[in-house]
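> Okay, these came from TrEMBL:
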TRANSMEM  67-87  transmembrane segment
TRANSMEM  107-135  transmembrane segment
TRANSMEM  147-168  transmembrane segment
TRANSMEM  188-209  transmembrane segment
TRANSMEM  241-265  transmembrane segment
DOMAIN    279-538  domain 'GP-PDE'
TRANSMEM  548-570  transmembrane segment
COMPBIAS  584-593  compositional bias 'Basic and acidic residues'
REGION    584-718  region 'Disordered'
COMPBIAS  645-660  compositional bias 'Basic and acidic residues'
């Protein structure tokens, strides 16, 4: 009869298990590389060390690191604030670059350079925070920020504070622009901040519940005597303090985000039927992104893009010819440095028209290093050639174009320098030029305030335009139109001017979000450099109705609350499972450490003495086949089953040596003995042994032919 053996593990299963071990090794070393990388970046320690828990029981770092951590958070907050303010003031980049040009004499994008620098500061401080968070999340290493990073962090704080002080002293209007941007972006910042809080709730919940479990374990392990000690109480107090320090700010910020729409006012949140008409557009010096500023090409481009009016700056030449120029000298927009270098810093009104008409006013525009705007699109080759041939135009040329196209004209009239022949009469001379051009008088927006009574009497059809005067002064001077800086208007009674039925023109509006704010605020017209973009807007950006915003507010709040509760519940459940496993493991260890034959009172039914008949039985496998047991102990097979638990401290009793020979078990006896053993392979209780009947302990013996590489192991019953 052939011998029955257990099934041998197939080679495919062994290969699969080897692959699993290989994947585990790969994951382990990948994790080690990951820890080495973030630890090296944060602490500049690149040596791989064995994983170990943090040496600080209460917190993950020393007191020195805890004291420095607020500086790291401060550097992050300051750099982010500075970067946001500078990004939102992109509407003023040209003005900033122009001021730098006046001081240095060289044109370059200083605003973009500062933007990049502020971005680097923010990225650096953010990276340090993320690395520290990842190390805290891993929990195996102490936080030890390298001294070089500490010096750079303090340097970030100093630089950010310095630039914010400069902005507060010399460019206060930048803060006003940032405040206006919040009016537009506040609803979207609110709706996007809540999902961010949901993401942050994952580590917050993990640490809060982990600290709670740590406090309970410490309290559970403490004896009554230890509870009286101050140190143990201090540790528990520190754990509670950490919970408050982490959880309280999180829930306060979350609560503020949930109720912040109650205090938000945004002009872009209104009903569609209350939205005003699209503001008209004045081309600031024409279309300076499409052609050289204050040239005929630039004004023609503005008209092509649907400009409502044309804005310019007027000087009076030494021989009484009004011409168009913005700067206080001719360096930036003409080639005077090549023609007459010594006179490049001279005032424009000190030249005669015969000389001014010979200057080129477009070559600079096609040079990449002199482009006025960083976001200009490349122009065609035909436009490039046309720009290179542009000259300084006269005011009469602009008036002729506006008369033909029926476009409004508004301009700043710059007074001549001292000892100019028309120093006191330049306004009257310009008015006579306008009247000689035969343009309709209502197309002229007269902005200069000097000698306004003469203008009213000579040209009563001109539309008189004022500045940001008080409403009483405007009424006294009979002015119904104002041309104001957008920053000053929005913070100085916009509602009062609208209630007085005053027509408002804002300058300088280049960004779409700012134009959308003016649109939602029912502004009549704006002056812009970016006419090609603003003219294509068909509806204001960031516009939404109140009902839609309330729906999104409640929906996002509800969904986020569900997610946050679910995250906290998941971590609570996970920690409870860990605690149960910890208690069961500690109980199992205590039970194993008991002396033989003795049990805990609570576990007396689980651990008991083995029946004495087992030890008294002479039919042990070691007595029957001693050679087999010795070989099996040396060569263990993959499958071992034993019905009797092995007691390491006791040795199996051998049969008493006498004259009676021991019966040798036959093959049939093994067959009969293995049948019930296969059915009770995974049982831990001892099988019932009948008295006065020879029995042997159950074991599986693999066939040597089917498994030649392994020698089977059979554990003897004790």
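Note: Cβ is positioned from N, Cα and C throughout, glycine not excepted.
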> With contact taken as 3 or more Cβ pairs under 8 angstroms (pairs 6 or more apart in sequence), are the transmembrane segment (67-87) and the transmembrane segment (147-168) in contact?
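With 3 or more qualifying Cβ pairs, these stretches touch.
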> Can you name the far-off residues of the same chain, 6+ from the ends of the transmembrane segment (188-209), with a Cβ under 8 Å from a Cβ of it?
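For the transmembrane segment (188-209), the far contacts come to 133, 137, 182, 242-243, 246-247, 250, 253-254, 257-258, 260-261, 264, 542, 552-553, 556-557, 560, 563-564, 567-568, 570-572, 575.
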> Restricting to the same chain and to residues at least six past its boundaries, which positions have a Cβ under 8 Å from a Cβ of the transmembrane segment (147-168)?
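That would be 42, 44, 68, 71-72, 74-75, 78-79, 81-82, 85, 114, 118, 121, 124-125, 128, 174-175.
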> If you average the pLDDT over the domain 'GP-PDE' (279-538), what number do you get?
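When the pLDDT values over the domain 'GP-PDE' (279-538) are averaged, the result is 94.
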